[in-house]
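Novice: Would you mind keeping the following structure in view while I ask a few things?
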Amino acid sequence: MGNADYDEYPISSMNGEMRKKHPVEIPPPQSFFKSLKNTVKETLFPDDPLRQFKNQPPRRKFLLGLQYFFPIFEWGPRYTFDFFKSDLIAGITIASLAIPQGISYAKLANLPPILGLYSSFVPPLVYAVMGSSRDLAVGTVAVASLLIGSMLGDQVNPTENPTLYLHLALTATFFAGVFEAALGIFRLGFIVDFLSHATIVGFMGGAATVVILQQLKGILGLNHFTQSTDIISVLRSVFTQTHEWRWQSAVLGFCFLFYLLAARFFSQKRPKFFWVSAMAPLMSVILGTILVYFTHAENHGVQVIGELKKGLNPLSITNLSFGGAYLSTAIKTGIVTGVVSLAEGIAVGRSFAMYKNYNIDGNKEMIAFGMMNIVGSCTSCYLTTGPFSRSAVNFNAGCKTAVSNIVMALAVMVTLLVLTPLFHYTPLVVLSSIIVSAMFGLIDYNAAIHLWHVDKFDFLVCMSAYFGVVFASVEIGLVIAVALSLLRVLLFVARPRTLVLGNIPDSKIYRNIEQYPNTDTVEGVLILDLGAPIYFTNSSYLRERITRWIDDEEDKLKSSGETLQYVILDMGAVGNIDTSGISMLEETKKNLDRRDLKLVLANPGAEVMKKLNKSKFIETLGQEWIFLTVGEAVESCNYMLHSSKPKSGTDGSFSNNV
């Protein structure tokens, strides 16, 4: 009896009716290049960005291409005066936060404070033209600043050789921009996805803790401080210099810190007064500057910024260093800081886009971030992205478009041209207080508690990242977290779940017997669900696991006098299979044949059927033992068990086993 005859062979349904077996089709053959094209398309272009260009005239295609790379040409023609009023208020509000934060974070990166203002002028203008988010407010961030200070500080002392250090920081920013733009242009944004949510929570929390500890230098008025970022080195540096502590600086720092935290608490309780918290850093700078100016506190242990150079960003393209002994350090720093800043910026942009019910293109964002850092590195700016605190203020201030970034940049421009001399007496301790207050928002202990309740392994990843950053270094913490995340991916792939299925009473549905204890087992039939694609990484495990399930089932049936006859593999979750997986199925079939058991496949997908057909496994198994659903497979096995029809032998003939 051939396969065609068997496909017409009736199988019994649960209500006793007889019906035909539905054959499992083998997909039509596809050329290698077409298959490769489809694979590349699904990998790099899942959003089908070229769809809008289909059936469009050349002029329209050019305009759409221009709008793709420069979104301002898309929303610009629809811009209204009402939008401008909202963006003007939002831009001025975030400028009041960007100016003190820019100066503070530049000090955190061991760079001249003026670079923080430079970095809040040019990059926001670039992003306003190329960015796709309406709410992201561009500027420097604490974590990236800390990474630059830590990674470059290990190689070059910023105090002893400030010029070389500055050139390396600008070069690292350039490479970060190139890396970010390349990810967007080549559609490789999925690389950033390896920074899982748990990784980011732990890493950001650890980095925030390190940043807070680093600010003890400014709050206590210390002149000498460790370049290391781990908590042991920082605390050793603090407590071995108790004789240099300045109580005046400490009192001033804690007073302003209390004011900043109180303003934040008030704004959280009264969201309509968000501007109180947004204006608090600038008010702290103004009040601190006035206080120092009139009390001459700089003569009593309170350190001040000193002179800030007036004028707009000078060109720095000639300061980029593409040779020398430190090139590898600049490249490594650029890639690490680029990945971290991308993860933060895109996550922040997507969060606010979700609130306003619009979408942002992650690859467009990468190109925009990359270009603003490339341009920034040539105009005396260091690494920028979309920080959460500034973007939250922009969102709450009612921004409508990226014009708020332009307004902020113009406000910073006025500051650079006119107001920089006013920062001469700004106390460093105020900048430290601003940084500390901002960092408290990055320690998301509620997210860590949530991870503990939902997924203990994610909590382990989170804590590993946190303690790695705090007790080792920022780079080591990041590496540990990414390594654990990759380990989890490998465990998912290499050790997929295999489940025993049972029948839910009065239905044709088969589900996990552990999840549904009231399911009925099928006499003489073991149904296994393979929960992942079968590759070389998990084929050996699955072979051994299937054998163990069979051994357990046979041991269980011995006591009742029953015997196992069929093993059904539910292939619904097996999206793909490689040659190692096919070899595993062949070995499993041989093993079952030796034990006088029959292998049955249910619900195989198109890709699996195509490869099983090419490998001749379907001929070996027999087309009649492949079914569309688990229900059909069970019905057929039941018919074979409870009828006089003989069961197929290993050679494709029928033997009298029933």
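Any Cβ shown, glycine's included, is placed from N, Cα and C.
Please treat TrEMBL annotations as automatic predictions, because they have not gone through curation.
TrEMBL feature annotations, pasted as is:
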type	residues	note
TRANSMEM	88-105	transmembrane segment
TRANSMEM	111-129	transmembrane segment
TRANSMEM	136-153	transmembrane segment
TRANSMEM	165-186	transmembrane segment
TRANSMEM	198-216	transmembrane segment
TRANSMEM	245-266	transmembrane segment
TRANSMEM	273-294	transmembrane segment
TRANSMEM	325-346	transmembrane segment
TRANSMEM	366-385	transmembrane segment
TRANSMEM	405-423	transmembrane segment
TRANSMEM	430-453	transmembrane segment
TRANSMEM	465-487	transmembrane segment
DOMAIN	515-637	domain 'STAS'
Novice: Three or more CB pairs closer than 8 Å, sequence separation of 6 or more: does that hold for the transmembrane segment (136-153) against the transmembrane segment (245-266)?
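Specialist: These two stretches do not touch.
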Novice: Taking the transmembrane segment (165-186) as the first stretch and the transmembrane segment (88-105) as the second, find out whether 3 or more Cβ pairs fall under 8 Å, excluding pairs closer than 6 in sequence.
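Specialist: Not in contact, no.
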Novice: At a threshold of under 8 Å on Cβ distances, which of 198-216, 273-294, 366-385, 430-453 pairs most often with the transmembrane segment (111-129)?
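Specialist: Stretch with the highest Cβ contact count: 366-385.
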Novice: Please identify the stretch among 88-105, 198-216, 366-385, 405-423, 430-453 with the greatest number of Cβ pairs below 8 Å relative to the transmembrane segment (465-487).
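Specialist: Answer is 198-216, with the largest number of Cβ pairs below 8 Å.
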Novice: Within the domain 'STAS' (515-637), how many residues are helix, strand or coil going by DSSP?
Specialist: 61 helix, 21 strand, 41 coil
Novice: Check the transmembrane segment (273-294) against the transmembrane segment (198-216) for contact, please; criterion is three or more CB pairs under 8 Å, pairs 6 or more apart in sequence.
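Specialist: Result for the transmembrane segment (273-294) with the transmembrane segment (198-216) is no.
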Novice: Taking the transmembrane segment (430-453) as the first stretch and the transmembrane segment (245-266) as the second, find out whether 3 or more Cβ pairs fall under 8 Å, excluding pairs closer than 6 in sequence.
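Specialist: Per Cβ check, the transmembrane segment (430-453) touches the transmembrane segment (245-266).
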Novice: Short question: which residues 6 or more past the ends of the transmembrane segment (198-216) have a Cβ under 8 Å from it?
Specialist: 108, 142-143, 146-147, 222, 225, 229-231, 234-235, 238, 340, 343-344, 347, 432-433, 435-436, 439-440, 442-445, 447-448, 451, 455, 458-459, 461-470, 474, 477-478, 481-482, 484-485
Novice: Same chain only, please: residues at least 6 beyond the ends of the transmembrane segment (366-385) with a C-beta under 8 Å from a C-beta of the stretch. Say none if there are none.
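Specialist: Counting only partners 6 or more residues beyond its ends, the transmembrane segment (366-385) has Cβ contacts under 8 Å with 69, 106, 109, 111, 115, 118-124, 126-127, 130-132, 138-141, 144-145, 148, 169-174, 176-185, 189, 313-317, 320, 337-338, 341-342, 344-346.
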Novice: Same chain, outside the transmembrane segment (405-423) by at least 6, Cβ under 8 Å from its Cβ: which residues?
Specialist: 87-88, 90-92, 94-95, 98-99, 102-103, 113-114, 117-118, 120-122, 124-125, 127-128, 131, 136-138, 285, 289, 305, 307-313
